[in-house]
Amino acid sequence: MAEVEVDRSRFKIIVIGIVAFIAALGFGYQLSKIPTHLTGGVIVSAVLTGMIWLVFVLLQTFLVKSPTIGAQLLATQALAVLLPSYKALSLLISAAGIILFVFMYVGFLRGRSNILNFIKIKFFKISAHTISLFVTGIAIFVAMYFVNSVDISELPFSQKTFDSVLDTVTPLIRRAVPEFAPDVTVYEVLESIAISELPENVPPETVQSGVNQLKGGFEKKYGIVLNENDTVRNSLYENLIVKIQSLESTQARTIALAAIGLIVFLSIKGFAFFISWIIILIAYIVFKILQTTNFFYIGLEDRQKESIVVK
């Protein structure tokens, strides 16, 4: 079998796997706090431990050659993420864990395929092709976990938290609605819509009448209350979050939770590019440290192709 396909040191591979397992366990532990302690500190801790885990998942992609061993390591790490929540384990969380493993493993296989196809070990290029699947898997898992674990009637979703989420997803919203601006007033939005629907050079009274009609139409159609002096973000918070927290119908609550899950997913994806490159840079530093300390070396296959050998 070619050198590039052989795991020469199982001990060192296990060491990397154990460190990744501990990081995954820490990520799962921080995640398990969300249902009862949804605070900025818990969110930051979950993000940091998740990033540490992904650093070692990325390193595994470069250091582990065998798809079977890679699958075993990633499966145990996915279980480690679920372990702190074993008391609250449900069908949805179990499905989320399976989805997490699938994305991690497909990312691993993509990375291995790139390594085999490149003559040189192009760490940054291979990592960039791989990590998007890792982050997407975590984003889906966290969104599903959040939906399963949070009691919507007791959700401590403050204005500050809502603003943070809205600011994160605003660039994504603007892809569909370029004019979206969360900090203008409701009146300005209604006025802009009214002017766009009226002929040019109409008197102010006609514009005001159009604004009033739009306001009344929105309030009647969606069952909301619009304060013209509120900003769009404040109006969204008051009408969306408060309405969600007062929902009684099972179907309505399910839809609301799905919407919150989508917001969580988009929030994570909104930071994905920035977070991914931090992870890649940290992983590269650790990669070079491991190379310097002879944890592995880069040899040549057929006098041309570089291969990573852990021995």
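Using N, Cα and C of the backbone, Cβ positions are placed for all residues, glycine too.
Pulled from TrEMBL, these are the features on record:
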| type | residues | note |
| --- | --- | --- |
| TRANSMEM | 12-32 | transmembrane segment |
| TRANSMEM | 38-59 | transmembrane segment |
| TRANSMEM | 89-109 | transmembrane segment |
| TRANSMEM | 130-147 | transmembrane segment |
| TRANSMEM | 255-287 | transmembrane segment |
Chain residues outside the transmembrane segment (38-59) and at least six past its termini with a C-beta under 8 angstroms from it: 16, 19-20, 23-24, 26-27, 29-31, 74, 77, 104, 107-108, 111, 127, 130-131, 134-135, 138, 142, 150, 155-156, 161, 275, 278-280, 282-283, 286-287, 290
Beyond the flanks of the transmembrane segment (255-287) by 6 or more, those residues with Cβ under 8 Å of it: 47, 51, 54-56, 58-59, 62, 123-124, 127-128, 131-132, 135-136, 138-140, 142-144, 146-147, 150, 152, 155, 165, 168-169, 171-172, 244, 247
